């Protein structure tokens, strides 16, 4: 039987994603009530970090432990994936030792090669192309605050990066409309836009932040230059019109939420009054990485 990988939102059915989402919402409530279960007792998760991250490491480590399992941290320098040993061979060996593998890496092809050869589930904790765990946390956060996300409109303003790619895939899988405003030359990859549109998603891409956020239910942004993507930096003057500030938020819906995956560069992509304001749910997002990923782990390992 093939392992249940969590590689991208496009690679998991809408029904399975909804199962994971509903489990995450229920699992968080149970955890808060002190009635959470430990369905992954005796299981071991290998965590490979070729790109560092505080939130990802802590949330997966704590999440696995809350489910009764254990974790093994492996840094990029320790692993030397594809250098000292092929990625395929590493995947086969790790599969003999652990029950699941989480990887945060650079090229998306490295994730896919690992999953191709692994005989245990592989989870995408981030690549340069996508960040599906973050979007599961974002959708969970939206639904906690505003109810079902289906039929709602989400706006993105800023760089066409990996978080946006997964947000676009989420539009097809969860049924929300997606508006995007990015500078010329910073558009998301056509592959993700075309896939989502072919799946029936309502996608609007423009270069005008005011147009993208008009009347929307949620405004999302991220850093203007992602980690290890400094070669794409184009200067703050290019991105300044896409800053999320009070004036831009005023053009969104009256009860629109503001989201950011963090860490944020305050005063750049978002102003203090927005990220610290009443519409901001950024720390709920960060918290929900823990609970969303617990349900992803449980789904991959057959516990839901």
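Heads up, the Cβ atoms here are built off N, Cα and C, so glycines get one too.
Residues annotated as carbamoyl phosphate binding site in Swiss-Prot: 53, 54, 55, 56, 80, 104, 131, 132, 133, 134, 261, 262, 289. DSSP assigns residue 289 (carbamoyl phosphate binding site) to a helix.
What Swiss-Prot records for 162, 222, 226, 227 is L-ornithine binding site.
Candidate binding-site residues: 53, 133, 261. Nearest to residue 222 (L-ornithine binding site) by Cα distance: 261. In sequence order, 6, 56, 123, 124, 125, 126, 289, 292, 293, 296 are the residues near residue 133 (carbamoyl phosphate binding site), counting only same-chain partners six or more apart with C-beta under 8 A.
When the CA atoms are compared, the binding-site residues lying within 10 A of residue 162 (L-ornithine binding site) are 131, out of the candidates 53, 55, 131, 261. For residue 222 (L-ornithine binding site), the Cβ neighbour count at a 10 Å cut-off comes to 26, with all displayed protein chains included.
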